Amino acid sequence: MRIGHGYDVHAFDASRPLILGGMEIPHDFGLKGHSDADVLLHTITDSILGALALGDIGKFFPDTDEKFKDADSRVLLGEVVAMMHEKGYEIGNIDAVVIAERPKLRGYIDDMRENVAALLKTDMSNVNIKATTSEKLGFTGREEGIASEAVVLLQKQEAK
Ligand SMILES: Nc1ccn([C@@H]2O[C@H](COP(=O)(O)O)[C@@H](O)[C@H]2O)c(=O)n1
Ligand SMILES: C[C@@]1(CO)OP(=O)(O)OP(=O)(O)OC[C@H]1O
(Lines of atoms letter the chains of each structure in order from A; the text may use other names.)
(Lines give C-alpha, C1' and ligand atoms only; values in the text may rest on other atoms or scores of the structure.)
(Ligands and ions follow the chains in the order given, each with its own letter.)
Protein backbone atom coordinates (compact mmCIF):
# COMPACT_ATOMS: atom_id res chain seq x y z
CA MET A 1 0.00 0.00 0.00
CA ARG A 2 1.11 3.57 -0.61
CA ILE A 3 -0.17 6.85 0.83
CA GLY A 4 -0.21 10.24 -0.91
CA HIS A 5 -1.14 13.82 -0.06
CA GLY A 6 -2.26 16.69 -2.29
CA TYR A 7 -2.76 20.42 -1.69
CA ASP A 8 -3.70 23.18 -4.14
CA VAL A 9 -5.00 26.75 -4.16
CA HIS A 10 -6.58 28.83 -6.93
CA ALA A 11 -7.55 32.50 -6.77
CA PHE A 12 -11.02 33.67 -7.78
CA ASP A 13 -11.55 35.10 -11.26
CA ALA A 14 -14.93 36.70 -11.92
CA SER A 15 -14.68 36.05 -15.66
CA ARG A 16 -14.64 32.24 -15.36
CA PRO A 17 -17.17 29.57 -14.36
CA LEU A 18 -16.53 27.70 -11.10
CA ILE A 19 -15.47 24.12 -11.89
CA LEU A 20 -15.06 21.80 -8.90
CA GLY A 21 -14.89 18.02 -8.87
CA GLY A 22 -15.48 17.87 -12.62
CA MET A 23 -18.71 19.88 -12.59
CA GLU A 24 -19.81 23.48 -12.88
CA ILE A 25 -21.11 24.96 -9.62
CA PRO A 26 -23.28 28.07 -9.79
CA HIS A 27 -21.37 31.00 -8.18
CA ASP A 28 -20.43 34.66 -8.75
CA PHE A 29 -16.78 33.74 -9.44
CA GLY A 30 -14.79 30.99 -11.05
CA LEU A 31 -11.12 30.23 -10.43
CA LYS A 32 -8.03 31.57 -12.16
CA GLY A 33 -5.66 29.05 -13.71
CA HIS A 34 -3.88 27.88 -16.83
CA SER A 35 -6.34 24.96 -16.99
CA ASP A 36 -10.03 24.98 -16.00
CA ALA A 37 -8.61 25.47 -12.44
CA ASP A 38 -10.51 22.57 -10.87
CA VAL A 39 -8.68 22.84 -7.56
CA LEU A 40 -10.27 19.66 -6.16
CA LEU A 41 -9.24 17.49 -9.13
CA HIS A 42 -5.72 18.99 -9.06
CA THR A 43 -5.42 18.06 -5.40
CA ILE A 44 -6.56 14.51 -6.08
CA THR A 45 -4.18 14.25 -9.06
CA ASP A 46 -1.28 15.43 -6.86
CA SER A 47 -2.17 12.97 -4.10
CA ILE A 48 -1.95 10.03 -6.53
CA LEU A 49 1.33 11.29 -8.02
CA GLY A 50 2.60 11.69 -4.45
CA ALA A 51 1.64 8.14 -3.52
CA LEU A 52 3.53 6.88 -6.59
CA ALA A 53 6.55 9.13 -5.76
CA LEU A 54 6.25 10.61 -9.26
CA GLY A 55 6.34 14.32 -8.38
CA ASP A 56 3.44 16.66 -9.05
CA ILE A 57 0.88 17.83 -11.59
CA GLY A 58 3.05 20.66 -12.96
CA LYS A 59 5.81 18.19 -13.84
CA PHE A 60 3.51 16.30 -16.22
CA PHE A 61 1.24 19.17 -17.33
CA PRO A 62 3.32 22.38 -17.13
CA ASP A 63 1.47 25.69 -16.96
CA THR A 64 3.99 27.03 -19.48
CA ASP A 65 2.73 24.61 -22.16
CA GLU A 66 -0.03 25.99 -24.44
CA LYS A 67 -1.26 22.41 -24.83
CA PHE A 68 -2.68 22.62 -21.30
CA LYS A 69 -4.28 26.08 -21.66
CA ASP A 70 -7.90 25.75 -20.46
CA ALA A 71 -7.26 22.00 -20.09
CA ASP A 72 -10.09 19.87 -18.73
CA SER A 73 -8.72 18.67 -15.38
CA ARG A 74 -10.74 15.44 -15.76
CA VAL A 75 -8.47 14.56 -18.69
CA LEU A 76 -5.30 15.31 -16.67
CA LEU A 77 -6.54 13.17 -13.77
CA GLY A 78 -7.48 10.43 -16.25
CA GLU A 79 -3.89 10.33 -17.51
CA VAL A 80 -2.54 10.02 -13.98
CA VAL A 81 -5.03 7.25 -13.17
CA ALA A 82 -3.76 5.39 -16.27
CA MET A 83 -0.18 5.80 -14.95
CA MET A 84 -1.30 4.43 -11.57
CA HIS A 85 -2.82 1.35 -13.23
CA GLU A 86 0.29 0.95 -15.40
CA LYS A 87 2.31 0.72 -12.16
CA GLY A 88 -0.03 -1.96 -10.81
CA TYR A 89 -1.99 0.14 -8.29
CA GLU A 90 -5.65 1.00 -7.78
CA ILE A 91 -7.47 3.32 -5.38
CA GLY A 92 -7.97 1.97 -1.86
CA ASN A 93 -9.77 5.10 -0.68
CA ILE A 94 -9.47 8.85 -0.91
CA ASP A 95 -10.52 11.63 1.47
CA ALA A 96 -10.55 15.23 0.24
CA VAL A 97 -11.61 18.59 1.63
CA VAL A 98 -12.48 21.82 -0.18
CA ILE A 99 -11.87 24.99 1.86
CA ALA A 100 -14.25 27.68 0.64
CA GLU A 101 -16.21 30.36 2.46
CA ARG A 102 -18.75 30.24 -0.39
CA PRO A 103 -20.54 28.76 -2.22
CA LYS A 104 -22.21 26.18 0.00
CA LEU A 105 -21.07 22.88 -1.50
CA ARG A 106 -23.00 20.30 0.51
CA GLY A 107 -25.70 19.93 -2.14
CA TYR A 108 -23.13 19.12 -4.84
CA ILE A 109 -20.90 16.76 -2.90
CA ASP A 110 -22.51 13.49 -3.97
CA ASP A 111 -22.41 14.47 -7.66
CA MET A 112 -18.72 15.35 -7.23
CA ARG A 113 -18.08 11.99 -5.53
CA GLU A 114 -19.77 10.22 -8.40
CA ASN A 115 -17.62 12.11 -10.96
CA VAL A 116 -14.43 11.50 -9.02
CA ALA A 117 -15.19 7.79 -8.47
CA ALA A 118 -15.78 7.35 -12.23
CA LEU A 119 -12.50 9.14 -13.04
CA LEU A 120 -10.61 7.06 -10.46
CA LYS A 121 -12.30 3.87 -11.73
CA THR A 122 -13.36 2.99 -8.21
CA ASP A 123 -16.59 2.65 -6.25
CA MET A 124 -18.19 5.78 -4.79
CA SER A 125 -17.85 4.24 -1.32
CA ASN A 126 -14.07 4.70 -1.66
CA VAL A 127 -14.38 8.46 -2.26
CA ASN A 128 -15.10 11.02 0.47
CA ILE A 129 -15.30 14.75 -0.25
CA LYS A 130 -15.87 17.32 2.48
CA ALA A 131 -16.27 21.08 2.52
CA THR A 132 -15.35 23.56 5.22
CA THR A 133 -15.15 27.31 5.58
CA SER A 134 -12.16 28.82 7.34
CA GLU A 135 -14.47 30.86 9.55
CA LYS A 136 -13.72 34.04 7.55
CA LEU A 137 -9.99 33.76 8.38
CA GLY A 138 -7.14 33.98 5.86
CA PHE A 139 -7.33 34.11 2.04
CA THR A 140 -10.14 31.59 1.82
CA GLY A 141 -12.03 33.43 4.56
CA ARG A 142 -11.66 36.71 2.66
CA GLU A 143 -13.02 34.92 -0.42
CA GLU A 144 -9.87 35.50 -2.44
CA GLY A 145 -9.77 31.88 -3.56
CA ILE A 146 -10.40 28.23 -2.78
CA ALA A 147 -7.99 25.67 -1.31
CA SER A 148 -8.22 21.90 -1.24
CA GLU A 149 -6.38 18.98 0.36
CA ALA A 150 -6.58 15.24 -0.17
CA VAL A 151 -5.06 12.03 1.14
CA VAL A 152 -5.18 8.84 -0.87
CA LEU A 153 -4.34 5.22 -0.15
CA LEU A 154 -3.33 3.09 -3.13
CA GLN A 155 -3.37 -0.70 -3.06
CA LYS A 156 -1.92 -3.28 -5.43
CA GLN A 157 -4.43 -4.13 -8.17
CA GLU A 158 -6.38 -7.28 -7.54
CA ALA A 159 -5.63 -10.03 -10.06
CA LYS A 160 -8.49 -10.19 -12.57
N1 LIG B 1 -18.22 25.90 1.24
C2 LIG B 1 -18.77 25.12 2.19
C3 LIG B 1 -18.34 25.12 3.51
C4 LIG B 1 -18.98 24.34 4.44
N5 LIG B 1 -20.00 23.54 4.06
C6 LIG B 1 -20.72 22.69 5.06
O7 LIG B 1 -20.98 23.42 6.24
C8 LIG B 1 -20.45 22.73 7.39
C9 LIG B 1 -19.96 23.69 8.42
O10 LIG B 1 -18.86 24.42 7.91
P11 LIG B 1 -17.78 25.00 8.94
O12 LIG B 1 -16.75 25.68 8.12
O13 LIG B 1 -18.53 25.92 9.82
O14 LIG B 1 -17.21 23.84 9.67
C15 LIG B 1 -19.38 21.80 6.83
O16 LIG B 1 -19.18 20.68 7.64
C17 LIG B 1 -19.98 21.44 5.48
O18 LIG B 1 -20.90 20.40 5.63
C19 LIG B 1 -20.39 23.52 2.75
O20 LIG B 1 -21.32 22.78 2.37
N21 LIG B 1 -19.79 24.32 1.85
C1 LIG C 1 -3.00 22.22 -14.36
C2 LIG C 1 -1.97 23.23 -14.79
C3 LIG C 1 -1.69 22.99 -16.29
O4 LIG C 1 -2.73 23.52 -17.09
O5 LIG C 1 -2.35 24.57 -14.67
P6 LIG C 1 -3.18 25.37 -13.54
O7 LIG C 1 -4.62 25.35 -13.91
O8 LIG C 1 -2.59 26.74 -13.40
O9 LIG C 1 -3.08 24.56 -12.17
P10 LIG C 1 -1.98 24.44 -11.03
O11 LIG C 1 -2.58 23.66 -9.92
O12 LIG C 1 -1.45 25.80 -10.67
O13 LIG C 1 -0.75 23.61 -11.63
C14 LIG C 1 -0.78 22.59 -12.57
C15 LIG C 1 -0.66 23.20 -13.96
O16 LIG C 1 0.48 22.82 -14.58
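For all residues, glycine too, the Cβ spot is worked out from N, Cα and C.
Keep in mind it's a predicted model, so treat the numbers as computed, not measured.
Binding of divalent metal cation is attributed by TrEMBL to Asp8, His10, and within the candidate set His42, His85 the record adds His42 to that site. Within 10 Å (C-alpha to C-alpha) of Ile57 (4-CDP-2-C-methyl-D-erythritol 2-phosphate binding site) lie the following recorded positions from His10, His42, Thr133: His42. The 6 Å Cβ screen around ligand 1 retains Thr133 from the recorded positions Asp8, His10, Thr133, Ser134, ordered by sequence position. Thr133 (site 'Transition state stabilizer') has Arg142 as its nearest neighbour among the binding-site residues His34, His42, Pro62, Arg142, going by CA to CA distance. Between the CA atoms of Arg142 (4-CDP-2-C-methyl-D-erythritol 2-phosphate binding site) and His42 (divalent metal cation binding site) there is a gap of 22 Å, rounded to the nearest whole number.
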